[in-house]
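Novice: Questions regarding the structure given below will be posed in turn.
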Ligand SMILES: [Zn+2]
């Protein structure tokens, strides 16, 4: 999944920020969906790679995810999903593993629960 997140990063549409992001999402059944960030001249319409991958998976009928791998730009540091994406990932389970990678293939891991403590979720609205 780390290599696929690197590959899909090449498809990033980031002409404004030049901040390339690739993401690979592992479903419970082993299926992997990829996503990349898609920017827009109206900046607020930009969608992150994580949400891109999740929307693709959900639209194909998948709802149970085990892990998500994020490959950001070419920075030599670990970065994690933005707040909006953390909320989006948490919608599908607080035990989803989130991996952040560096260009050398090294990674760090945390659960979405660790990245989004005291989260707002389904039990708050149902
Ligand atoms: Zn995001």
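Cβ coordinates are placed from backbone N, Cα and C, and glycine is handled just like the others.
Keep in mind that what you see is a predicted model, and the values were worked out from it rather than measured.
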Novice: Starting from the Zn(2+) binding annotation in TrEMBL that includes 82, 85, which of 14, 23, 27, 48 is the extra site residue?
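Specialist: When TrEMBL describes the Zn(2+) site, the candidate it includes is 48.
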Novice: How would DSSP class residue 43 (substrate binding site) in three states?
Specialist: helix
Novice: Just to be sure I understand: of 37, 39, 40, 42, 43, 50, which recorded positions have a C-alpha no more than 10 angstroms from the C-alpha of residue 82 (Zn(2+) binding site)?
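Specialist: Final answer, ordered: 50.
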Novice: Checking the contact step here: among the recorded positions 48, 50, 85, which have a Cα within 10 Å of the Cα of residue 38 (substrate binding site)?
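Specialist: Candidates kept after distance check: 48.
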Novice: Under DSSP, the domain 'CMP/dCMP-type deaminase' (1-123) has how many residues in helix, strand and coil?
Specialist: 36 helix, 33 strand, 54 coil
Novice: Could you name the residues, excluding 48, 82, 85, of the same chain that surround the Zn(2+) site, i.e. Cβ within 8 Å of the Cβ centre of those residues, in sequence order?
Specialist: 49, 50, 51, 81, 83, 84, 86, 88
